[in-house]
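Have a look at the structure below before the remarks.
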Amino acid sequence: MAFSRAASVVAFAALLAVPVVFDMFTAYQLGLYLIFGMVGQGIALCWGRAGFLPLGQALFFGMGAYIAGAALKSADGNLVLLAPLLVLAIIVPALLAALVGLLVFNRQIGSGPYFSLITLALAMLGFQLANSADTITGGFNGMTGIPGLPGFDSYGNLYFVVVGVLAIVSLGLFWLLKTPFGVLLSATAQNEERLQFFGFSTSALKAAAFGISAGLAGLAGALYAPHQGIVTPQSVGFLLSAEFVIWTAVGGRASIAGPVIGAVVIGFLASELRDTFRYWEAVIGLIFIVTVLKFPQGLIGLAELLKRRLSKADGNTARIRDINAPAREAGGAPALAFEDVRVTMGPVRILDGLDFRINRPGIHAIIGPNGAGKTSAFNAMTGRLPLTSGGISWRSRSLADLKPFQVARTDISRKFQIPSVFPELSVDENLDIALWANRTGVSDLFSMRPLRWRSDLYDTLTERFPFLKDGGGGIAGSLSLGQRQMLDFSMTYLTEARLVLLDEPCAGLSASETGAMIDAIAAINSDLGSTAIIIEHDMRVVERLSDHVFVMHQGRLLAEGDIAAVRANPDVKAVYSGGTK
Amino acid sequence: MDLILTNGMNLVYAVATLALIALGLAVVFGLLGVMNMAHGEFVMLGAFSVYVTQQAGLPMLAAIPLAIAVCAIVGYLVEWSIVRHLYSRPFDTLLATWGLSILMRKLVEAGFGRDYKSIDQVLPGTVDVFGIAYPSYRLLLLAVIAIFFGLLFAWYRRSNTGARIKAMVSNPQLAAAVGIDTARLARMTFVFGVCTAGLAGVALAPLVRVEPYMGIDYLLSSFFILVVGGLGSLEGLLIGSSVIGGTDTVISTLFAKTSGYMAVLLISILFLWLRPDGLFSRR
């Protein structure tokens, strides 16, 4: 940490010294590459953090450049007029991208290659528009005669403006990635679905990241226009978009400095080699392929590998948590109702008139043979499985047609059968996300305070499962299967949701771990007074935890009652001992 | 009447050539799941084969074996070195082949220069069709495309290899377990796909601009066709080509060439956004 901070200071000092040490022309060239690098920083935010790749980033760059060019030409040195117009060069691309992102991500989950194609097509469209709207953009020949920023010389001190903006942008990104928003972006890339079950709208998160990246591209474009004095449709098109992606990949898509380093290194190499070595650009293509396949973290990744060889890893201790997380309001009494729920897929009836009610806190168990529809009942409840008919309501609010994150916001928390955590985040960050669920507003996402949140339940859980605290700095992906189950379970309860859905929480646990898990479920659920529904095959677990058992068979409720009543039920006996009905 | 007929012929021509261009991507992306961003560059290789044969003073037919040879070798090498490690990871194939497309463009640019290549007309002159004069080469091309698709359709439905490919697509593990050499079959399918792209390039070379950067337009229109039509079937390919080609031709005729292009982009963006599985999908 201290190392990279020192390195950044040295790097910026070196950037400031370039015009003195070399000459103004070198600084001018470097300035252009730094501008391009800023666009790459935005791409890295989307690609390296949030996990989706925008392929048409030049659209926003060119848009900013055209707006800034028009502003500089029309303002004619009047700063009062110029400043707000230049702000538009950032805002307009950012809003457009955020809108596109919201529309697309609302319908598609994951890294979505189709999103990349959409951005590519948008850049092609932008190129056509810039080419044909010659009254505004100057058409094919471009917008020419753009004056410099008032008081700055394009071949002289404008360079220092570029370096200054780059410093501010880099610091801003550094801060952004530390905030809860930054953590949630990484979480989106690693396990988008799980994040939705904590009540976060991942489409909004991704759209925000895309908007920020487009704003950065617009800002870079606004510097490009006075720097070059001309903006042509090429600045919007697909070839420049492709180069942005190459620079970002080669420099390092997951870092802040990487894209800038990539743009500068490749930029200077290109200007040296372009005229003497005709296969130079083919070499760049080759370097890109090798980077993508073998070194996804780019040059920065290689540097960090070296650094790790040289220095020992820092400790795994949990961080200080000294602020009480906002208390969750108790909400009303539990009232869950399945009313004649049917889900059919083609000829298969997954749920076939499932009908039951839960009206009191405590642990309720669902049992039944494989294929009975137990997990499907959870899926139907949490927005993963659309209902064919019937209705599901929770505290008199219908859950049908809600998306998973909206279901989570109605105070429902769900644990999947296979432990589902954020593998490349630290254990601490995993717990953070659960603590933030339904407790954070937009302003909290951009504050450092939620990183210090604690709750009484956090203390209880870390006492029960000490590895959550002692190994808090280690990444969740390196935990054993049992520990991941416990982490996932802890996260599910840390939300303090009133309704908790547990799908085979003891699957894959050893006998002693199962014991610890059962104790934890029983103790914590009664402490919180929550309502839990647990799917379980192991009757010993059911017996220990639950006095209210639902038996499902072939998508329907077969029996309901305490465990003795259920055992005595002839229908249940018939199903479990293989008899005929 | 003549005007309608001419425009109708143009429409049929546009749809047929689009289907031919998209066929290679339909095979590589639709069957193998490889988002081949270098698809357009294989079309470009085919077009450059025509340029090379004409420069050597050979007839255009000689470009066909040349294009097949070049595309097969390049395709084989690409599959062996890059693609086979990335099956079932579409996002990674997109990235790697995106790099490949840059590599191929730049290599051709370094070898042949950036400028437009002039290709000599083949079969100049026109033929009377229902009373209108239609360029003979286009007419021949239409006939060849129709026959080619007919044969391909019949072969894919009836042949053993077609059945093996279908088995591999629907369940690669099971296909391997019953004795199908899926690695080899996938490689052959990939090579076949890029070779048809090359052949499309040969067929179109006399009619379009030929330069190292020509591929991107064909790449996008091919993806758009597949997105509109849906993956995995010949019917979808034809429907997608009809929608994309029809929109382009109609809007271009009514307004201007760029409006047609922009309309296609808009339709495709809408499909990518709202119905990424297409109009006609088996999934």
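Just so it is clear, glycine is given a Cβ too, placed from its N, Cα and C backbone atoms.
For A:336-579, the entry in TrEMBL reads domain 'ABC transporter'.
Sequence annotations record features per position, and here TrEMBL assigns transmembrane segment to A:55-75 (among others). Outside the transmembrane segment (A:55-75) by six or more residues, the chain places 39, 42-43, 81-82, 85-86, 88-90, 92-94, 96-97, 116-117, 119-124, 126, 130, 136-137, 143, 145-149, 213-215, 217-226, 231, 233, 235-238, 240-242, 244-245 with a CB less than 8 A from a CB of the stretch.
TrEMBL lists A:81-105 (among others) with the feature transmembrane segment.
Feature annotation from TrEMBL assigns transmembrane segment to A:112-130 (among others).
Summarising the annotation, TrEMBL assigns transmembrane segment to A:158-177 (among others).
Per TrEMBL, the feature transmembrane segment maps to A:197-224 (among others).
The transmembrane segment feature in TrEMBL is assigned to A:244-270 (among others). Beyond its flanks by at least six residues, the transmembrane segment (A:244-270) meets 8, 11, 29-30, 32-34, 36-41, 43-44, 47-49, 53, 55, 57-58, 61, 166, 170, 173-174, 177, 280-281, 284, 287-288, 291-292, 296-301 of its own chain at Cβ-Cβ distances under 8 Å.
Here the transmembrane segment (A:282-303) has Cβ contacts under 8 Å with residues 246, 248-255, 257-258, 261-262, 265-266, 270 of the same chain, all six or more residues outside its ends. Here TrEMBL flags A:282-303 (among others) as transmembrane segment.
Counting Cβ pairs closer than 8 Å to the transmembrane segment (A:81-105), the top stretch among A:112-130, A:158-177, A:197-224 is A:197-224.
Counting same-chain residues at least six beyond the ends of the transmembrane segment (A:197-224), those with a Cβ under 8 angstroms from any Cβ of the stretch are 32, 35-36, 38-39, 41-43, 45-46, 49-50, 52, 54, 57-58, 60-68, 86, 89-102, 105-106, 109, 161-162, 165, 169, 176, 181, 184-185, 188, 231, 235, 382, 404-405, 407-409, 413-414, 433-434, 436-438, 491, 495.
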